[in-house]
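J.: From TrEMBL, for reference:
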- GLU134, ASP165, GLN191, GLU239: divalent metal cation binding site (BINDING)
- 432-572: domain 'VOC' (DOMAIN)
- HIS435, HIS504, GLU580: Mg(2+) binding site (BINDING)
Amino acid sequence: MRTSIATVSLSGPLSEKLTAVATAGFDGVEIFENDLLGSPLSPEEVRLRCADLGLSIDLYQPFRDFEAVPADTLARNLRRAERKFAVMERLGADLLLVCSSVAPESVDDDALAAEQLRLLADRAADHGIRIAYEALAWGRHVSTYDHAWRIVEQADHPALGTCLDSFHILSRGSDPKGIADIPGEKIFFLQLADAPLMAMDVLQWSRHYRCFPGQGGFDLAPLVAATVAAGYQGPLSLEVFNDVFRQAGAASTAVDALRSLLLLEESAGLSVLPAASAPSGFAFAELTAADTEPLRGVLDALGFAHTARHTWKPVELWEQGDARILLNTGVSGRRQDPALTAIGVETPEPDRAARRAEAVLAPVVPRRRAQLDAPLDAVAAPDGTEIFFCRTEQADHISWTGDFTELPSRALPKERVEQGERGEPSAAAIRRIDHIALTQPWHQFDEASLFHRGVLGLEADGSLDLADPYGLVRSRAVASPDGGVRIVLNIAPAPDADGPRLQHIALATDDIVGAARRILASGASLLPISANYYDDLEARHDLEPERLATLAELGILYDRDENGEFLHCYTATVGRVFFELVQRTGGYRGYGAQNAAVRLAAQHLHQQGV
Ligand SMILES: O=C(O)c1ccc(O)c(O)c1
Ligand SMILES: [Mg+2]
């Protein structure tokens, strides 16, 4: 279907918004009146600009407080409307949004509202303009879509129809099934917005917390499907009032917006995109630093072995079990301190995964490639982390590991960790990457979870609030159904926005106590955890004293859910990166959120050298 977006959804001057909307690939715009009022461009110039950009002006909005008023007010309102019709003619816009009145002088009289809207539609028709009447969720007398439709039906004028807005419908808990009762040709416009589920004043909720479809808690797909099934022919248009997007660049927000619409069309059954198939595991995590020596030290202590090096790039492969870490010293133009810059995910069909990523507007990472390198597609997540689609060492696909030259040491150190002293496999070895945690810039948190769902086919958990020394940190996990790939997204807790955004790699072991002892024996340290934590642990869970003492001795944190247990501990932080060791038993699904406050506080103290 045609796609459109209200200019109010983006930041900046009108001309920049229009460019961003067109560049992202939308077909049209709704011009939000205040954006025109504040613009140095005349309506004719806006019209020309849109034409040059290939954008249609689908709606001019909003016209407020019109209907169900005393006669003298009606006369003034009609005069006001005539002025707007004139502006719309200059703009070349032929659809005006009229939202239900909030004016104290309007009366609760549907017949009067219908009569006055009919009059308005008649005047509009003289200018070739149509009126779309929308129920604001906080309208004084009309606040539901079915009520607005009854008035439109009663007015019975060809130039009068209704505008549906998913926020107003779903925020009030109205059932979108009733949309089927509205003739499609009387639905003049459809505005789409999602929002996080919150208990608050609906006007504040709408004006500050709307978000793009898929980023909040509303189920938009059935509403869109019902509207299209009713015969609606107009565009799918985003109308998002949001304090956060106001702070972000219009160009990137417009792309995120269109991605959300493409994903919504897919989930409403209106389009077919290359299917997402959830990745089955991590192929690698890539760390970049000018000086990789401190990271090498940590990897060595964790029992990793440097097994191979890239044939021509300054990249080392370190391995243990199925956990692979790339150390990259090619940091030109990037920050110098160690940072997690890329993730490889195992996908059954990397080419198809890349096609899907492109279809949903994920930015493709341009790559320097030598002739003989394996084809490797990557896209950039909203926080800049590069995501590579991999198929590692399978007969049916060229493997990225083929670009690496094995070191003679490969077999040796691997054995050292995987075999215990008497040759039996050591349970304390690291098996694989359990999850990766990426701290997000605060204004990209919702976008990031939609990106990982829509592009990678991961499923999102609910959003959690974790305490840290500064307040609360929002956190949300996205994971494949079988848990093979788990990514935890957190909002940057740093009080100064330019502070480092910490990232970490969690490594799975079957024996965390053995693994922790091995790390300590190698001379490395683990994050010290306060004794108070273990007092509390003892109070919450009836752990054996001996076991509790071992956990306290090693700084291992503990959690459990209805399925099993979770034990975890942390290395020191190097640059922006640290490692976590985790041991899951019995199908525990979480990430130890219960313990995050203690860990964050311990890291804070550690970083201050306390
Ligand atoms: O918040 C408002 O005033 C407002 C204006 C126009 C709309 O279409 C809408 O949904 C809300
Ligand atoms: Mg609206």
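Note: Cβ is positioned from N, Cα and C throughout, glycine not excepted.
Keep in mind that TrEMBL annotations are predicted by a computer and have not been checked by a curator.
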J.: Taking the binding-site residues HIS435, HIS504, GLU580, which residues show a Cβ-atom distance to ligand 1 below 6 Å?
T.: none
J.: Which site among GLU134, GLU239 has the most other CB atoms no more than 10 Å from its CB, taking these as binding-site residues?
T.: GLU239
J.: Please check each of the binding-site residues GLN191, GLU239, HIS435, HIS504 and report the ones with a CB atom less than 6 Å from an atom of ligand 2, ordered along the sequence.
T.: GLN191, GLU239
J.: Can you check which residue among the binding-site residues ASP165, GLU580 has the largest number of Cβ atoms within 10 Å of its own?
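T.: That would be ASP165, with the most Cβ atoms nearby.
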J.: Counting across all protein chains shown, how many other Cβ atoms sit within 10 Å of the Cβ of HIS435 (Mg(2+) binding site)?
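T.: The Cβ of HIS435 (Mg(2+) binding site) has 21 Cβ neighbours within 10 Å.
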J.: Which whole-number mean pLDDT does the model give the domain 'VOC' (432-572)?
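T.: Residues in the domain 'VOC' (432-572) carry a mean pLDDT of 91 in this prediction.
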J.: Just to verify: the residue among GLN191, HIS504 with the fewest other Cβ atoms within 10 Å, which of the binding-site residues is it?
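T.: Least crowded of the binding-site residues GLN191, HIS504, by Cβ count within 10 Å, is HIS504.
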J.: Based on DSSP, name the secondary structure state of GLU239 (divalent metal cation binding site): helix, strand or coil.
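T.: DSSP assigns GLU239 (divalent metal cation binding site) to coil.
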J.: So which other residues, same chain and not among HIS435, HIS504, GLU580, have a Cβ within 8 Å of the centroid of the Cβ atoms at the Mg(2+) site?
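T.: Filtered neighbour residues, in order: ASP434, ILE436, ALA437, VAL488, ILE505, ALA506, LEU507, PHE579, VAL582, TYR591.
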J.: Could you give me the DSSP helix, strand and coil counts for the domain 'VOC' (432-572)?
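T.: Helix (H, G, I), strand (E, B), coil: 45 helix, 50 strand, 46 coil.
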J.: What's the CA to CA span in angstrom from GLU580 (Mg(2+) binding site) over to GLU239 (divalent metal cation binding site)?
T.: 41
J.: Enumerate the residues of the same chain, GLU134, ASP165, GLN191, GLU239 excluded, that satisfy the criterion Cβ within 8 A of the mean position of the Cβ atoms of the recorded divalent metal cation site; list them in sequence order.
T.: ALA6, LEU97, CYS163, LEU164, SER166, PHE167, HIS168, PHE189, LEU190, LEU192, ALA193, SER237
J.: Reported as an integer number of Å, what is the Cα distance between ASP165 (divalent metal cation binding site) and HIS435 (Mg(2+) binding site)?
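T.: Per the Cα atoms, ASP165 (divalent metal cation binding site) and HIS435 (Mg(2+) binding site) stand 38 Å apart.
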J.: When you rank GLU134, GLN191, GLU239 by Cα distance to HIS435 (Mg(2+) binding site), which of the binding-site residues ends up on top as the closest?
T.: GLU239
J.: C-alpha of GLN191 (divalent metal cation binding site) to C-alpha of HIS504 (Mg(2+) binding site): distance in Å?
T.: 39
